[in-house]
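Here the structure is laid out as structure tokens; the discussion comes afterwards.
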Amino acid sequence: MTYENNTHQQNGAGTADIESRFANMSVQNGAAGGAPRKAYVPPHLRSQQQPASLNSSAASFSPRAPAAFNGNGNSNGNGNGPAAPAAPAAFQSFNRGAPRGGAGGWDAPSSGGYGGARNGGGYGGGARNDGFGQWKDGKHVPGPHNPRLQKELFGEEGDGLHQSMGINFDKYGDIPVEATGRDVPEPVTTFTSPPIDAHLLENIKLARYTNPTPVQKYSIPIIKLGRDLMGCAQTGSGKTGGFLFPILSALFTHGPPPPSAAEMAQGGYNRRKAYPSTLILAPTRELVSQIHDEARKFTYRSWVKPAVVYGGADIVTQLRQIERGCDLLSATPGRLVDLMERGRISLSNVRFLVLDEADRMLDMGFEPQIRRIVEGEDMPGVMDRQTLMFSATFPRDIQLLAKDFLKEYVFLSVGRVGSTSENITQKIEYVEDDDKRSVLLDVLASMPSGGLTLIFVETKRMADMLSDFLLRSKIGATSIHGDRTQRERERALELFRSGKTPIMVATAVAARGLDIPNVTHVVNYDLPSDVDDYVHRIGRTGRAGNVGHATAFFNRGNKNIVRDLIELLKEANQEVPQWLEAVARESMFGAGGGSRGGRGRGRGRGGASSFGNRDARTMNGPSSGGGRGFGGGYGGGMGGGLGGSYGAGAAAYGGPPPASNGGSYGGNSSWW
């Protein structure tokens, strides 16, 4: 025991002696004229130091006075200083401070940061040139130009990676447009300010968009007036810009909306929960990523911070992104529900709800999640938000959904809904399954070089097999399907977009919504069972007025869509092979007269019995005919019910309401 005690005492003395020596060490020891330095304190002894000894060195980390709240970054560099007593009055949708590692703050330190009421301090970008601006003193203050980011977002003229205007773009002026509803405003004809915010107009010019498409000509004034909208337009017609332009114009002009009650209850400073003011739902990872990329372009140098969340990717990375700012959120329904359950996103401050490719979301089984998001959480009701639904088709189930989600909307039909663009030259080849590979090689060899070719197949296994076959044939190809990891999918898309791999084999996962520039040829190696899917597949080419080619391999295994396919070809003024009409006559014997084959979700085309391209509210009488689609019996019950009162909720967003209304479209002059 004595030996052990002596040992402990010796060890204690030795430790103290070593610590004393460390404390007296200095890099200046022995140097002539060296200034005295503070003694080194080992980490385990630093807590024993008196706080007073740190006062002088901690001055730069002291919290600012309340009047200069958030003017300085905290120790993490997240741009948020200590909370001030007046925090609830200084609404913060989410952490809109500088990105991690920045100097922090809402403004330069001399201006007091984000202090006082909403029209006081800054609201938006950080101290470094991160491509964001601010909302300060009730005004939108664009950030400085960032050449590197600008090149990343908008590319350079002639780089081939950013398609904006095709050679047939002016023909869009001849496309018929039908807008039904009460007090539909006149369309715009050019990109001008007003109605488009001046800063957004600069970004549109950077994107080299010169003329609005038909859907944009109508959607911009409709959305500006605070109206709900159902927009039907052919693929590649500019639907994304059709809702982004008016939404961003309103946000740039009016600034962030006031905090919701839920936000105020938490003091407005809950950094762990995002409160987006705009929510865009889309069915696939690729589509929400594409929408987010467009949003990044048009929010460049603005106070609005876009974010994107989707399944199949690292959720921690996405959480970090929304922590840096989440004013405009693009999301897939499944991942959004996940983040809401985690308490990381609240929809209580949503003023704009956009459902893009709405019919495909329902086809993919997302209706329960969509209804939970819109009706089962804290999103404002239909009268207190503006809801926009965009898609290439609006079958019956979507029109029924509109009854619950939209208020006295404008129905916008641009061109023949569900039809294909005349810019696409369609060719149907009769090919037996065993001959498809050899015929594909002939088709690819006959096409001019320089463009991208997208080949659609029905199964994931076939996508990989066909891609391998092309590679063995010395043809550069890649594949994309649902079993690929998100990293693999993004890599394949990157190679395809850049032209390094000019051919991509895809399943339906890439069939909808993807806007890949310079796709000049689409091949339906396997025809889908529904003609709507065919429409969306070939819609990957001929976008924005450009000319495209579509080739389909047909055999008698595809008889279920032959009649709709013929009708589609005739609508687009395409050649109909005689053998295809012969197959159609064969299929008439023994075929039922009610619904289309395949999934049986037939939309019907033309005539009073179909309304995929018709406003259901105009169909008050019984439908004529009982043929394809679902014309029989639907019109009478739907006619008067989709409307409803429009006066109890939100007001006209971006200007005075139409004079014929006798007032605004809502109970208040604006959301602000």
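Including glycine, each Cβ sits where the backbone N, Cα and C put it.
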The annotated motif 'DEAD box' range in Swiss-Prot, which must be one of 320-323, 356-359, 368-371, 376-379: 356-359
189-217, 421-449, 537-565 - the range that Swiss-Prot marks as motif 'Q motif': 189-217
For the region 'Disordered' (125-149), the number of residues DSSP places in helix, strand and coil: 3 helix, 6 strand, 16 coil
